[in-house]
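Annotation comment: TrEMBL describes 1-22 as region 'Disordered'. Sequence annotations record features per position, and here TrEMBL assigns transmembrane segment to 53-71, 78-98, 118-138, 158-179, 191-209, 256-283, 289-308, 315-336.
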Amino acid sequence: MDQPVDEPDTGPKATQIPPEAPPRQIGIEAEALDRKQTALERMRLPRPVLRRFALLGVLYVVLVGGLALTFDSGPRRLSLVPVVVVLAFAFQTADSAAGMGFGTGLAPLLFVLGYEPLQIVPVLLLSQTLMGLVAGAVHHDIDNVTFSLRPLNDETKLLFLLVGIGSVAVLGSVVLTYFTLELSDVIIESYVSFLVLTMGVVGLLRARLRTRIEYRPRRLAAFALLAGVNKGIGGGGYGPVVTLGQILSGVYEKSAVAITTLAEGIVSITGIATFFILFSYGVPVDLQLLPSIFAGGFLAAIVGPYAVRVVPNSVWRYLIPIYAFGIGLIGLLFGVDV
């Protein structure tokens, strides 16, 4: 019999889980790391990981420098806007650590700063793709999630499920919304915000119950479809629904965030393709904000996953649904896309 030890609160302890409770299928490695190491121990990274982080640092300097030179518009218009860099860092950190919030928080503030929709939306979609891929790779590298193609593990199957169903739902809902159905922006924003708020409440109740939920792929397929429809009709609501949907379907919180981050990055490619099509038809697309958002977002795509690794899962059990509740509430009160 295992000897009792002082463990961080990662969820229900083994003694609190009924014998008939299903074993965890996704997040096994992340949960084991939480139980075996303290937060201080998790702060220390293996040398191979540190070397890869150093390579990312070199890549970051090269890419930011290249983007700054490419979009240099002279002394009157800086290619790197400090306030945008800071905002991008803050909201991408939250997105990489909680699976939601990048576009929700950043887009309204950029509007306040005087930028136009065609200066904001394409850059956010492009950044979400780039940062999602980087953050997903970092999550995998530091054991928040483990992806494997040979053999194909449950985490990778879930990623394919979320990306496949989500992408089809995005395309289908875009066609229905813009060519068949006529839905007002108010209805769309209110629906998505209320859905996210409700899921936040359910997530909090589930955290309080301290039960282990059986992993249900079919339930996740429904959440992926719902999230894709949300993104297609309103441009938002994907991250909160997919993250909380995974948690409510038995996925470990840390792994749920990691999978969502990578899945949303891949699904956002659909949105980028749409804007390239519009650009080919003569619609002007301004990428002037790209250097600033990339400069802040790339660093955050490393910091966010690292925070997920270090901070105890007990924090994420409550922080993720609370954050989702806050995003939904802000969307309802102020009409902000979530």
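Positions of Cβ are set from backbone N, Cα and C atoms, glycine also.
Heads up, TrEMBL stuff is auto-annotated, nobody curated it.
Residues 53, 56, 60, 63-64, 67-68, 70-71, 79-81, 84-97, 102, 106, 110, 115, 119-120, 123-124, 126-127, 130-132, 134-135, 138-139, 142, 144, 254, 257-258, 261, 316 of the same chain sit 6 or more residues outside the transmembrane segment (289-308) yet have a Cβ under 8 Å from a Cβ within it. Same-chain residues lying 6+ beyond the ends of the transmembrane segment (118-138) with a Cβ under 8 Å from its Cβ atoms: 56, 88, 92, 95-96, 102-103, 106-107, 110-111, 235, 258, 261-266, 268-269, 271-272, 275, 283-290, 293-294, 297-298, 300-302, 304-306.
By the Cβ criterion (under 8 Å, sequence separation of 6 or more), the transmembrane segment (78-98) is not in contact with the transmembrane segment (191-209), since fewer than 3 such pairs are found.
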